[in-house]
Each structure stands twice: as structure tokens, then as C-alpha cells.
Ligand SMILES: Nc1ncnc2c1ncn2[C@@H]1O[C@H](COP(=O)(O)OP(=O)(O)OP(=O)(O)O)[C@@H](O)[C@H]1O
């Protein structure tokens, strides 16, 4: 009821004189006081005005009736109703008698006080009775719920004791049945009979148990060890959550390598985490199984971690890492404070050479950490580098890395050796790998290093049975069948902490990747000084224009053309809220020059300072020299063209949309740059190209 309606009702009541509120609450004291003072008032007024005493009796009877009706409405106990009605009638009786004999006599006043105490005591006892009655009702209700539940549990226990006897010929004794909060099933804790029965025997019969229980497709009865070897836990799923598509949880809060990184959810709808401080991981998924999506889940988790830097190798043109880099580097994502958004991965290698550079750096980091952190390790009395936001773990994610490891190609073998070297030497020093595989698991899993170090395993089946040897992926796990996970993104996951069982990766969409990139930009750690020094210029210059030019080539122009390598995607920039000129100038300065605080002050570098820090390209310095954004863009295009160089027409074409620059203008700038040594000309006649001095032969 609205407050105005209540106020109106009050007004109406006031207008029609005093109302008797039968349901008004009274305690034992106020109730008795109100009854006796009311009776006294009626008796004195009645005596003074010579009211017929029968009226008091009538009022008392009406009071008793009113209170009884109100009491019945709120379901008071019969005993409470009787007490209240009796109070009214006793009060009325006294009033009638007092009006006849005079209320102001000692006998009248004394008897009224006695009645008051009596009513109070009776009311107190009924109040206590009411409370006890309420408590008892609640307890009964709870007993009923518990009885109902335990009846359900008892029924489940009896049913499964029979079933296990029938299917496995083992007579277990059920110790407990736990219904899952997610509502997707239950767990049975059972004691095995004496005589040598083991939990694996039940685990091995999982498919037959599931069939016997008529479980829906995708639901399983999986047995695992109990608290000791004589106990078994059987998890039974009754709802197939793997059928549904669940998107990556919208909470992008901070994570840590120490608390585990969630990779998906189990059949009981609970998330499953990968603990990768010491473990490497292997993710197998044939084409179309949802592997790329899973890799993004993995990268999302690492991006959210405060103590992880992710280095990605994807020889398939870096496609696994690009969605984590392009939106940040292209300026598509902006922060409120105007600072650049850091990419969601720390280094992305899309080619053989870049991958080799990255792996070399990783090996150097591992070795340098071993030496550089000797004191810290002895101080902490450990041989495991204490990974933190100050000394981050480096997670190398190698898409289709298993195919690299299994390749017979001599060159690729060199990469494979480096990957294995990182896996072999870097566990204690905080470098671990996540390797994905399309299916080459046989040869990869025969590698001792992988078998020993990569115990976090995922097999995405998506219904694919070809080349999916679950017994090799999860040795010792029984009852896993590919056809239990026919949905994309679903499969099996096992870790040293959580035995292999069905799971599903969250679906992660490009907008979530962009959101996570933006939300975690501030959170990524910086590579510690010891490691940064070891990684050297190869690391510090990983975002340099010529090394990232290929990434920009992945961005398709508005008209769908794939521009020739080295040209700028100016059309992409024109969509930004900033003017294209500003965006271009800002992007290239920020992106190339001392990117993300990995390169010291550009002016210091130029003047030979920061000797132990590798030099960036120092485009910031050009801010003063190249006063027009178009001219800066032209210079950036020249840089991006690399040693192959470019021509005035190509630069003019790249700039035409955003700046309307003519070829003539570009020719003028090129001349000036040749004179001051910024550019050199190579080749003659129609073959003449302009090359930035950084890429000039012998530079
Ligand atoms: N976890 C998931 N939940 C629901 N659907 C998914 C999931 N993962 C993938 N899919 C669906 O499967 C499709 C293929 O996924 P994805 O590209 O990740 O597979 P892939 O194994 O990498 O295949 P390819 O190698 O052909 O790219 C997606 O477009 C999506 O529709």
C-alpha cells in the first residue's frame, strides 16, 4: 500500500472517532495495563454518568469476540484466544460490578489490581506458549524437509547399492549422498566390501553403470578414490550441462598462477582450474573441436593473472594471439586516462624467425634467473623461484606446438629442440608452456619430457574420434569415451589435482577478448630487470614497427582488400573517435617508441644513455622534427616497409584516404629525408626504392 493511501486511511479513521484495533499488539504488561485502565475508565465514567451497568458487559462481550476473531485470523493457538477472551470478560464483569457498587472503593480498586496482575500473568504465559508453538512449527517443518531429503538420499543410496551389485558384482555400503548445489547431479560416498575390491573396478564399469541408470546422453557415473583405499566416490551427473553453451564468466577479476587459472567447467557445472606454476599443459583438439576458442580461454586467464606474462607462438600467421594484440595496437581500445591499452599478450610470434628469437630469449631468461636470483632463493630457502607480480611467470603458449615437436623438417626441429629445452630447464625458474595439438599426440606423448612435465591435459573431442587416444592422454583413467563429449568445446581435462573427467571450455567471443584486454591492461606485470636484461633487445623491440608490420597486414581494409605488406591500414584508423591524423601520430609514437615501458627514455637512448636497455625506434623524437601528422605517417610507412623499401607513389596511396597527401608532397619529403640521412635510395630507374636508414644496407 502506498504511503498516501495509508495516510488517507488514517485520516478516515480519525474522522469516524476512535477505532478498536483488535489485532493491535500487546505484551503481557501493556495488555494487562490497557485492560485494567480501560475498565477503570469505563467504570468511573459510567458511574458518574449513571450509565446502565449492562453496557459494560456488552462491551466486554464485544471485546472478547473481536479479539477472538482477530486471533483466529493470525492463527493464534486456541489457548491464546481463550486467555484473551477471558481477559475481556473478567474486565467487563468487574466494570459492571464496580459501576453498581462504585469504582472508587478499596474493594473495587484492590480487585481491579488483582485482575490486572492476573491478566498480565495469563498473557505472559500465552506469549511464551505462542513462541514455543512457533518454534515447534518451524522445527517440524525442518524435520519434514530433512526427512523428505534423506528419504530421497536413502532411495538413491538403495538404488545405487543394487546397481553396483548388479553391474560390478560388488556390494558397497553407502556412507553418504551429497546432492550438488548446481542441481546437475549427486555424489555417492561408499565403503567397499572387505576382500580386495578397489575403486578402479567400479570406475571401469562407468559406461555400464550409466546405461543401467538410464542417464541422459552426456551424463556419466564416474568413480574416483575416496578418503582411503577402501572408499569410493561416485559422481553421477543427471543434467547434461555440457550440451549448453556457456560464455566466459563476465567477472574479469585478478587471478594468480598460484591460485590456478580457470579453463572451463565440469559436468557438475563447477569450474576447473589449471595449476601451472610447475606444470606444463597439453591441449589436443582436432579441427573444428573448439581448440581456437579454448586457446582464447587460456589466454584470457593468463591476461587476468597479475603474475603472468604470456608469450604466444603461432606459426599459422599468429592467428591465436592476434585478437589479443590488434585491438590494443590499432588504437581501437582506449582507456579513460588516455594512456595506451597494453595488448593482452606480452609477445606474439607469427613466424619461424620470431619464434626462434622468442625461444632463445626464453632460454636466456631461464638461465639468467638461475644465476641472478641465487641470493633470493637461498634467503627464501627454496629452489623454486618465488613468482610474483615483480618476478612474473612467463607462459609460452605454442599453438600447434605438438606438430612442431613431431615435425621431421630439419629447420622446425630446431624450434622443437628449443621448446623442449625451455620445458626441461625452466620449471623452477618460472617459465612453463601450454602446447596445443591438432592430433599428433602419439608421437608427442611418447616424448619423456612431455610425459613428465605436461600433466595438465585437455582433449577436446567435439565428437571427433579419429586420432583421439584418450588412454594415452590420460593414462590410468578409465571409462572415458569420446562419444560422451560430442559438443564443440567439450572434452576431457585432467590435472595432477583433478582426475581426468568430462569438461567444457567456456565460449569466448571477440567482444569479451576486447573487454578483457582493456580490463587487464593495468594489471600485466613488467618483466623483472634480470630477465629483461637477459631477454635483451630482442624482447625490448618486439613491438617495433618492422617486427609488427605483419600484424597490421592482418587487418582487412573497409573495402575488403588485403593491402600489400608494409602499407598502413589508414582506413581502419579513420573509424576511431580521434581524428585519423591524431590517432596515427599517437599510435606510432606510443607503439614503437619505448613501448610499454620496456625501453628507456628515447632521448636518453638517442644520446647513448641507457646502455643496458635496448634502444627503441624513438619516434617520439620526431614529434619536434616532423610537425605534420601526415609526414609522420609517411615516415612510419617508410619504416614499416623494412629493408625492401617503398616508393613515393605507394606512400602517397597509403596516406591519400586519411590525409589527402599527393605524390608530389611525398617526393618532397623523401628528398629532404635523403638529404638529412633519414632515408637512402636503393636501385635505379623504375626499380628505385626508398629505405629508412635503420634498414639501409650496412645500417
Ligand atoms: N566452448 C564452446 N562452446 C560452444 N561452442 C563452441 C565452443 N568452442 C567452439 N564452439 C563452436 O565451434 C566453432 C569452432 O570453434 P573453433 O574455431 O574454436 O574450433 P577449432 O577447433 O579451432 O577449429 P578450426 O581449427 O577449424 O578453427 C565455433 O565457431 C563455435 O561455434
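Here, residue 1 is simply the first one shown, and the rest follow in order.
Cβ coordinates are placed from backbone N, Cα and C, and glycine is handled just like the others.
Automated prediction, rather than curation, is the source of TrEMBL annotations.
The region 'Disordered' feature in TrEMBL is assigned to 1-22, 554-581. Taken from TrEMBL, the feature domain 'FtsK' applies to 269-469. Annotated ATP binding site per TrEMBL: 285, 286, 287, 288, 289, 290, 291, 292, in sequence order.
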Could you work out which of the binding-site residues (287, 289, 292) has its C-beta surrounded by the smallest number of other C-beta atoms within 10 A?
287
Could you say which of the binding-site residues 285, 286, 290 has its Cβ with the most other Cβ atoms inside 10 Å?
285
In the structure shown, which of the binding-site residues 288, 291 has the fewest Cβ neighbours within 10 Å?
288
